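**Student:** Below: one structure in structure tokens.
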Amino acid sequence: MKATKCYYSHHKVMTVLALLFLCPAVATEAFSSARVSSIPRGGSPGASEELRGGARLRALTTQRERRWRPLKQSSVATTGPRLFPRGENSTMTATLVEEEVIDAVFPEAPDAAVEKKKKHFLKRIDGIVFVSYLCNVMALSLPVLLVPIAATEHATTMSLSAKAATVMVASQVASISSVASLGGALGKFVNGFICKELGSYFCSSAYLVGLGVCSLAFSLSTNAQTMSYAFAGMEFFASIQWASLAVMLSNYYAKEPVKLSAALTALGLSSTSGQLLAKFFGMTLSSAFHWRLVAQLGALVAFGGAMLISQAPGREAAAEVQKQKPPFEWKSVAHSLKAVLGSPLFLMLGLAHSMSFVCRGTDRILGTFFQEMSSLPPAISGGLTITITFGLIQGLISGAKKYAKCATLQDKRNFLKKRYVACISATLGLVALSQVGAGLLPNRWAMTAALALVSGIMASNISFQYFQFPAMIAQRYGDHKPVVISFLDGFGFLLSAPIFAAISKIVPSMGWSSGWGLLATLFGSAAVLMLTCINPILNLSKTPAEEELEKQQAVPLME
């Protein structure tokens, strides 16, 4: 019966269209033989009268023309409601057939159609989070450039030979960096609990202020000991930002996984952009101004980030949620530890994900590798490690686009498999270049180009996992999101330190091929482990292609 009605309606529509276009007079006369539903006059619900078919058709077409003409004549796309919406002020009681006829003759204005399809993707909170994390990364990255300058300045005040001064500078830089890393390690495991208790908005803003204060203390330090403590404080306060901002976005986009993925992509780009800007402006400013002034400018950048976070959308709602939480108890810490560390899934994911931190940190050894393989000066070879940064940016952008097109779980797994295989293959490519590259590429610039390309591919294919996985994994653990993200960072920090220490022992005795071979083996093992246990995480997040597929599958069910 339903199919018969649909066929009849469709047949009637086609007949009316044919008559209307081929012979308008006949079409009008055909409708004049029967009465149809009434249409209000002047758009008023109360003023209605019965019109015969031809008059009704003319009335409907005239009304649609009035709706079309203002949109057609306007040169500016409409951004608000429709000029003549269906509602109390313009009630239309046209039959289905008549509405379809008018829609065919006078389609909606193109501007209105474009407006329906327009999507406001990134929101104000995304811009604030991007800039504030950019400030955090820039303020933290400046001391990496300033510590050698400060140590050299201190060495020149002493009566030392050139060789002794060089040794002293290297010793001070290593000592300051080692103490600073302890501050970062402490922050990785402590700040997750603090963020959970105090809230992501408050912690992000307050810790940026703390970062600025420590940066000021760094600029005022007069010896290596005070400088190392100030640098450690900066590492501690900066270590919470990724976790707190990721939690902030996860809560804000709790029911919008597609927008969450886009926001996390922007957050990852903020990290790499901050490092690039810090290197560029740090080198430029330190060549023109004293290093203390540059450190103070970094403090101002951190304070600016704190001001931005204090204006982020959703802070009032987050503050209300924090007020409703019970008072802090130590058993809540034990509960979080049990929920996170007591989960075998988290332990496997944390172990597998830590290798992405190792791959991300290969720029620590890449500069020396460039120098030895290409015979380039240290200043140039150190700068070439920027290929890792560019690879991370390219991989994050391309990975987000490709992942958004994955419509099924198998598509997501295939996407990750290709990324892991490409990363491992690029690492093996570095092994090959370290073995036979000197014979195949005698020109040092050709060798440099090959090393830059292969190392960039390696970083590009681990970038998506490095930036996106922590927040995706944290979605499974509810209120323990800050602890999960912090512990994932902590795992990466703890495991990367002994791995690079082992490589520093292997390379002098066995060569670079053994070092890169070890990394390729670790990356392969991590990929197998990750693909074994990642399915529950992939099922939690939906891509645009996945949502579109669900809509298409829901249409037949509704019919």
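Keep in mind that glycine also has a Cβ here, set from the backbone N, Cα and C atoms.
Predicted, not measured: the structure shown is a model, and the values here were computed from it.
TrEMBL feature annotations, pasted as is:
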- 1-28: signal peptide (SIGNAL)
- 127-152: transmembrane segment (TRANSMEM)
- 164-186: transmembrane segment (TRANSMEM)
- 198-218: transmembrane segment (TRANSMEM)
- 230-254: transmembrane segment (TRANSMEM)
- 289-309: transmembrane segment (TRANSMEM)
- 339-358: transmembrane segment (TRANSMEM)
- 378-399: transmembrane segment (TRANSMEM)
- 420-438: transmembrane segment (TRANSMEM)
- 444-462: transmembrane segment (TRANSMEM)
- 483-503: transmembrane segment (TRANSMEM)
- 515-534: transmembrane segment (TRANSMEM)
**Student:** Which bits of the chain, at least 6 residues beyond where the transmembrane segment (444-462) starts or stops, bring a Cβ under 8 A of a Cβ in it?
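**Tutor:** Sequence-distant neighbours of the transmembrane segment (444-462): 356, 359-360, 362, 366, 369-370, 373-376, 384, 387-392, 394-395, 398, 419-420, 422-423, 426-427, 429-430, 433, 437-438, 523.
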**Student:** Do at least three C-beta pairs under 8 angstroms join the transmembrane segment (289-309) to the transmembrane segment (198-218), pairs 6 or more apart in sequence?
**Tutor:** yes
**Student:** Might you confirm whether the transmembrane segment (127-152) is in contact with the transmembrane segment (420-438), defined here as three or more C-beta pairs under 8 A between residues 6 or more apart in sequence?
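**Tutor:** Answer no: the transmembrane segment (420-438) and the transmembrane segment (127-152) share fewer than 3 Cβ pairs below 8 Å.
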**Student:** If we skip the immediate neighbours and take only residues 6+ beyond the ends of the transmembrane segment (198-218), which ones have a Cβ under 8 Å from one of its Cβ atoms?
**Tutor:** 132, 135-136, 139-140, 142-143, 146, 191, 226-227, 229-231, 233-234, 236-238, 240-241, 244-245, 247-248, 251, 295-296, 298-303, 305-306, 309-310, 312, 314-315, 318-319, 321-322, 482
**Student:** Cβ under 8 Å to the transmembrane segment (483-503), counting only same-chain residues 6 or more beyond its ends: which ones?
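**Tutor:** Residues 181, 184-185, 188-189, 191-193, 195-196, 239-240, 242-243, 246-247, 336-337, 340-341, 346, 349-351, 353-358, 361, 364-365, 469-471, 473-474, 477, 515, 518-519, 522.
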